[in-house]
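Enquirer: If you look up TrEMBL, you'll see 1-11 marked as compositional bias 'Basic residues'. The annotation domain 'Rho termination factor-like N-terminal' is assigned in TrEMBL to 22-57. Positions annotated as region 'Disordered' by TrEMBL: 1-20.
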């Protein structure tokens, strides 16, 4: 059964960003995952531009 789950549900990956310039290259889903990892509250309702502002900080 475990094989079936791995095939249909990709593992959760952590988003790694080394340079702040590369944040703009990420999509909204990746930015939200990064915001979640950093413990930013209310990230799920933010737009891409708002996420960039908060993450660049």
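Using the three backbone atoms N, Cα and C, a Cβ is placed for every residue, glycine included.
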Enquirer: For the domain 'Rho termination factor-like N-terminal' (22-57), would you mind checking the mean pLDDT of the predicted model?
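Expert: That stretch averages a pLDDT of 93.
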Enquirer: Count the residues of the domain 'Rho termination factor-like N-terminal' (22-57) that DSSP assigns to helix (H, G, I), to strand (E, B) and to coil, and report the three numbers in that order.
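Expert: Per-class counts: 26 helix, 0 strand, 10 coil.
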